[in-house]
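**Student:** Shown below is the structure under consideration.
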Amino acid sequence: MKVSVGTVVGQGELGLEEGIVGNQIVSEDSAADVGECDAYGGRKKLVIRSRSRRRVVTPKALEVEKRPRRALRFKQNFCPEDAETSESSADVKGRARLLIDDLTEMGMHALRDFAVQRGISQEDVVVMKKSDIIFHVLKNHTENGGVIFASGSLEILPDGYGFLRSPQNSYLPGSDDIYVSPSQIRLFNLKTGDTIYGQIRSPKEGERFFAMLRVETVNFEEVAKVQDRVPFDSLTPLYPREKLNLETRTEDISTRVMNLFCPIGKGQRALIVAPPRTGKTILMQKIANAITQNHPEVYLIVLLIDERPEEVTDMERTVDAEVISSTFDEQATRHVQIAEIVLERAKRLVEHRKDVVILLDSITRLARAYNQTMPTSGKVLSGGVDSNALHKPKRFFGAARNVEEGGSLTIIATALIETGSRMDEVIFEEFKGTGNMEINLDRRLSDRRLFPAVSIKKSGTRKEELLLTEEEMQRIWVLRKVINPMDDAEIVELLIDKMRKTKNNEAFLRSMNTGAFSS
């Protein structure tokens, strides 16, 4: 089929299958694939048929090739709907680049100064929110000939399009979010939770948001690899087999105790059972710091649900990880939204064979949020818990697994007890036994200022023999027999005393004998 200059070709005429959206490229050598618009700009004639509108992009008659759907290959990662504004990589290289993440990480004072330097008036800046300042800075940058790059987690809305949400903003919708078109989502097989990095363009007339122009990477890898990934639900779950080493410094007794008596592996589903004021937040911080120090290959996310704002700030400054939060003054729908985005993001990374750890504080408050937002079923359990409300929190917690095909998702969640709320007790009972590792904190130990306030007798890991060596297992079994007749307070005091005298756990186990512990 020959196409003359200016001819608009319909989808039916090209023989396209229904569902291939936004593009069919025609070339005189019949060698062009989907995604090569900008490579031919100004030299040949390309005719593109999109769902939204038809347009001719270049200047010469071309031959149309009908291709089967499976043969399509994506060579250029641009948005077909923006083909006429797409720039070559050579054009982009010589222009000023600006990364949105650099702006979102700035404090308000620094961002205001930066905006004023870019030509935005001081009077306008002082009354704007942070997201609005970023929006105007970006718009000013593009008007001056610069290019913008952005990254974020994709949230696909029911209408088929999506937005890149910023983790610095805890995935809250804002005016600086990046629009991702339905054609791009279908073209690259994108899902909610995908971490996308690429070039964006400023809003056109009548548009409110910046839009994705060219996708560079998906989940920190090339776009081509997205087509080969296996869905998370189709991956094979296994028991954890690789230990997360939590031992850092000699004086960090908490993580040393966990390393011995309740080791955590990649893919662990761990529950920290904690009454109020037993040091669970400090314990979570120490776990997070140990993981970032000993396992830089692990992607760590700290998810704080219904927490106090000052605790969020403390966690952000203490832990070198991605901290996502929804404080107690937010609505329950907000708690649910960020929990689901974080889970989807973790799943996408596991599909790319990465190791992910989520520290959740707390699963009790997440279950409370679901209880408020789920439609009532008419069946109410003791404490006011709806029978359907715990399904999604269980699905969140149950997503933790070691994957046979590669990668793992570890979830370490806290469960609140002894709060005086019957609902919290019911939620804990529902989650009791669902994990494969449990740490019990004891209020009596914390009242005596004994930290870590861990009840050694009640804490442990299923299949710990997969994480420990044979020698370690034998010595720990002997140690448990020795301390079994003791009170919890005596056990913790003994462990603190003996561990402080040894450099690490290996030296502690070597020096261990019944005579030493009886002295």
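Residue numbering: from 1, along the chain as shown.
Just so it is clear, glycine is given a Cβ too, placed from its N, Cα and C backbone atoms.
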**Student:** Among Arg249, Arg308, Arg317, which residue does Swiss-Prot annotate as binding ATP together with Gly265, Lys266, Gly267, Gln268, Arg269, Ala270, Arg277, Thr278, Gly279, Lys280, Thr281, Ile282?
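**Tutor:** Only hit among Arg249, Arg308, Arg317 in Swiss-Prot's ATP site, alongside Gly265, Lys266, Gly267, Gln268, Arg269, Ala270, Arg277, Thr278, Gly279, Lys280, Thr281, Ile282: Arg308.
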**Student:** What whole-number value in Å do you get for the largest C-alpha pair distance within Gly265, Lys266, Gly267, Gln268, Arg269, Ala270, Arg277, Thr278, Gly279, Lys280, Thr281, Ile282, Arg308, the residues recorded as binding ATP?
**Tutor:** 30
**Student:** Out of Gly265, Gly267, Gly279, which of these binding-site residues shows the lowest number of other CB atoms within 10 Å of its CB?
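**Tutor:** Ranked by other Cβ atoms within 10 Å, the binding-site residues Gly265, Gly267, Gly279 bottom out at Gly279.
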**Student:** I need the least crowded one of these binding-site residues (Arg269, Arg308), counting other C-beta atoms within 10 angstroms of each C-beta.
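**Tutor:** It is Arg308 that, of the binding-site residues Arg269, Arg308, has the fewest other Cβ atoms within 10 Å.
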**Student:** Taking the Cβ of each of the binding-site residues and counting other Cβ atoms inside 10 Å, which one has the highest number: Arg277, Thr281?
**Tutor:** Thr281
